[in-house]
Structures are given as C-alpha cells and as structure tokens.
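Residues or ranges marked as phosphoserine in Swiss-Prot: S100. The feature Mg(2+) binding site is assigned by Swiss-Prot to S100, D240, D242, D244, with sequence analysis given as support. What Swiss-Prot lists as active site, phosphoserine intermediate is S100, and the listing cites sequence analysis.
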Amino acid sequence: MGKYFGTDGVRGVANSELTPELAFKVGRFGGYVLTKDKERPKVLIGRDTRISGHMLEGALVAGLLSIGAEVMRLGVISTPGVAYLTKAMDAEAGVMISASHNPVQDNGIKFFGGDGFKLSDEQELEIERLMDQPEDHLPRPVGADLGMVNDYFEGGQKYLQFLKQSADEDFTGIHVALDCAHGATSSLATHLFADLDADVSTMGTSPNGLNINDGVGSTHPEALAEFVKEKGADVGMAFDGDGDRLIAVDEKGNIVDGDQIMYICAKYLKSEGRLTDNTVVSTVMSNLGFYKALEAEGIKSVQTAVGDRYVVEAMKKGGFTLGGEQSGHLIFLDYNTTGDGLLSAIMLMNTIKMTGKPLSELAAEMQKFPQLLLNVKVTDKHKVTENEKVKAVIEEVEKEMNGDGRILVRPSGTEPLVRVMAEAKTKELCEKYVGRIADVVKAEMGAE
C-alpha cells in the first residue's frame with residue numbers, strides 16, 4: 001500500500017482526512033495518469049448516498065476538468081455500475097466515491113481504467129509520485145481546452161439492462177427480500193427484481209445521507225434474516241453501501257455467506273459447462289468447509305491474499321470466470337470486471353430457479369467449520385507480522401490444532417485493526433484460540 005492508496009482506493013474520514021483539497025489532487029493527478037495519451041478524455045463519476053459525496057464529487061470534478069477531461073456524472077450508482085459503464089461507454093476512466101461498508105463519516109475514491117478494472121499498484125504509485133512533487137507541472141489547458149461536465153443519470157438504466165440480460169429466465173414465483181443498506185442499490189435493486197417479475201419486499205431503501213450501513217446491509221445480515229421470516233420470503237439479498245457485496249439469507253432466516261454463495265454458483269456453473277477449467281478463485285479467509293465441498297464436486301481452487309483486487313488478478317492470469325471472498329465480494333468475470341452484488345444476486349437466483357431447490361437445501365451441501373474472527377485495535381497494524389511473541393503464540397496454537405483447523409492473523413487493509421481468525425472443530429476451540437492470540441496482540445501493540 002502507498003501513502004494515499006490503500007487496498008481499495010483512497011479512504012478516510014470525509015473533510016478531515018479525505019478533504020476536498022485532497023480529492024481535487026486525486027482527480028487532477030489520477031485523471032492525468034489514466035488519460036494522458038488522450039485528447040479530451042471521457043471520465044465517468046458515480047457516488048453512493050453519503051452526505052459527503054456531493055462535496056467530494058465537486059472537488060474531484062474540478063480536478064478532472066483542470067486537465068481537460070470531459071466528465072459525466074452518473075449520480076447515485078453502485079461501484080460495479082461505474083466499472084461496467086466505464087467499459088461499455090468507452091470512457092478512459094471511471095471514478096467511484098464511496099467507502100463501501102464503512103460508517104457514514106468515512107468516504108473514499110476508487111478509480112477504474114478504461115477496461116473497467118481497478119488500477120494496478122504501478123498506476124497508483126505513479127499517481128502518488130505526482131501528487132507528492134513539490135511543484136505541479138501538469139498541463140493547464142485554458143479557454144475552450146478546459147474540460148466540461150455533464151450529467152448522465154440514464155447510466156443506471158443502461159446498467160440495469162445489462163443485469164436483466166444476465167438472468168437465465170424471469171423470477172416469477174420467487175419472493176425475494178432486499179436489504180440495500182440505505183446505499184447505492186436502494187433504487188437499482190428494487191427496479192431490477194420487479195422487472196424480472198419476482199415478488200419483492202424491501203428494507204434499507206430510504207437513504208437520507210446519514211443512515212448508510214447503519215444496522216443494515218451485508219455487514220448486518222441479522223436485520224434481513226428477521227425481515228425474511230416476517231415477510232415469509234423465499235430468499236433474502238443484503239448488499240453493502242456501494243453494492244459490490246452480497247450476503248444472502250435462506251427462507252428459514254439462516255445467513256448464507258460469500259463462500260456458500262460461491263460454492264452454490266460454482267456447482268451450478270460446472271453442471272452447465274460454464275465454469276472455466278472447473279476452478280474457483282478465493283482468498284485465505286475462505287472457510288475450510290468451502291474447500292472440502294469444492295473438492296467433493298471435483299472443483300479446483302486457487303487461493304489469493306485478502307482483497308477482491310487480488311482475486312481478480314488471479315482470475316485474469318488463469319483465465320478463470322468465478323472468484324470471490326467470504327465477505328460477499330463475488331466476481332463473475334464473464335459478465336463484469338469487479339465484485340457486483342446485484343449480478344451475484346441474479347446468479348444465485350438463476351441457480352434457485354433452475355434447480356428448483358430452496359436456498360437452505362443448496363447451502364446445506366457445504367458444511368462450514370466453526371470460524372471466529374476478532375478485530376483488535378492496534379497502534380501499528382503492519383508490525384504484527386514481525387512480532388516474535390505473536391509469531392510464537394500462533395505456532396503454539398497451530399501445533400495444538402494438529403491439522404484440524406487453521407489460524408490467520410493479518411492487518412486490515414482499510415482500518416487500524418489486526419484481524420485474528422481461527423477455524424476449528426468446535427466453536428469453543430475457536431474462542432479459546434482466538435482469545436489466546438488476541439491477548440498477545442493486545443499486549444504487544446494494542447491501542448487504547
């Protein structure tokens with residue numbers, strides 16, 4: 001990670017860390033790096049529903065116009081919507097203003113290249129290098145050479161049309177409950193499933209600028225679980241603030257995570273001959289039960305570091321079509337270039353419709369190992385991998401496990417946290433192991 005760019009773009013507390021001044025520079029220098037070979041390059045900008053979105057959008061637009069870019073504002077739209085439209089509309093770049101599942105005070109800026117993919121480490125480092133130069137030597141067009149800004153709010157409809165074409169058939173007879181986290185999918189999801197003839201019930205669809213991800217969405221699926229039972233729905237779909245994640249709920253109110261959705265879709269795609277090389281790409285956070293279930297179906301797996309960008313890199317390198325994370329970032333590379341909650345929901349609905357099985361039955365085919373994840377607030381998250389006492393306690397626990405579980409300790413990519421994860425035969429063992437390691441992490445580098 002660089003000085004400004006983390007694992008998913010530039011993030012921080014809006015107007016404190018991520019200021020309009022910084023957003024202007026990110027727009028100016030980021031836009032230049034992505035479009036320097038083009039005359040009057042086209043750049044798309046979308047945002048989620050956070051109160052700070054307008055402020056940061058204005059600053060970003062100013063930065064882009066200052067290098068002569070033609071800016072098209074998409075308004076409130078999901079991150080994968082921006083990625084899809086950037087490629088579909090032959091734009092030179094796309095920008096999304098969002099902090100995804102983070103609380104409302106945070107915001108972020110992430111870029112997409114003209115191919116719809118997130119930036120490489122090299123591109124991000126080049127942007128940072130230019131931002132940190134003592135003087136700004138970028139071109140400064142004047143008069144008619146300055147960029148212009150236009151609104152293209154019809155972009156959402158173009159994206160919805162693409163999603164509808166991804167459905168194998170309509171969803172007549174399926175009652176779906178949607179939780180849109182008061183975020184970017186609040187309007188999109190409702191229209192999508194209604195247009196596909198599903199019976200739709202909604203929650204988390206009343207954004208007011210302040211309530212995004214507040215007790216709702218994919219990071220709080222228990223709210224949707226209650227809603228599904230209350231409405232008697234067949235399936236529930238929970239998205240996060242920017243719509244790049246999906247967590248599902250079955251008809252009994254049980255939560256179905258990204259690993260389970262990936263497994264269900266992988267099995268279905270394999271049966272249809274649409275799973276390239278019968279391989280799925282996942283991260284080190286995926287459950288042991290996920291790998292065992294794939295193996296039983298004759299499906300291979302490739303593991304990457306945590307972060308959907310690393311999953312996508314491995315998918316592109318190997319030519320694979322399905323990958324994702326337990327957190328609900330699922331990538332169907334035949335369809336879109338990044339994690340897409342709405343597309344993932346369509347793919348899961350395809351499987352439910354075509355197999356005729358309820359989600360509870362499909363999910364039960366994968367037996368999850370008990371897993372516990374604890375976040376420890378620390379002063380310097382990057383030192384955890386070098387700390388000798390932390391390494392020693394991890395070795396002790398792994399020796400005790402004797403192959404019947406695993407431990408993962410890693411710094412968060414976006415927050416000042418160390419994540420301690422354990423999988424074991426029982427929940428009690430998970431609690432014991434995680435507590436033991438977390439105590440050492442806290443003692444060595446814990447923050448107040």
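Quick reminder: no glycine exception, Cβ is built from N, Cα and C everywhere.
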- request: Specify the count of other C-beta atoms within 10 Å of the C-beta of D240 (Mg(2+) binding site).
  value: 34
Field: recorded positions compared (S100, D242, D244) - the one with the fewest other Cβ atoms within 10 Å
entry: S100
- prompt: Taking just the CA atoms, what is the gap between D240 (Mg(2+) binding site) and S100 (phosphoserine) in Å?
  reply: 6
Task: Measuring Cα to Cα, tell me the gap between D244 (Mg(2+) binding site) and S100 (phosphoserine) in whole angstrom.
output: 8
Task: Determine which residues of the same chain, besides S100, D240, D242, D244, have their CB within 8 A of the center of the CB atoms at the recorded Mg(2+) site, and list them by sequence.
output: D48, S78, T79, S98, H101, G183, A184, F239, G241, G243, R245, G339, G341
Message: Return only the integer: C-alpha distance in Å from D242 (Mg(2+) binding site) to the residue listed as 'phosphoserine'.
response: 5
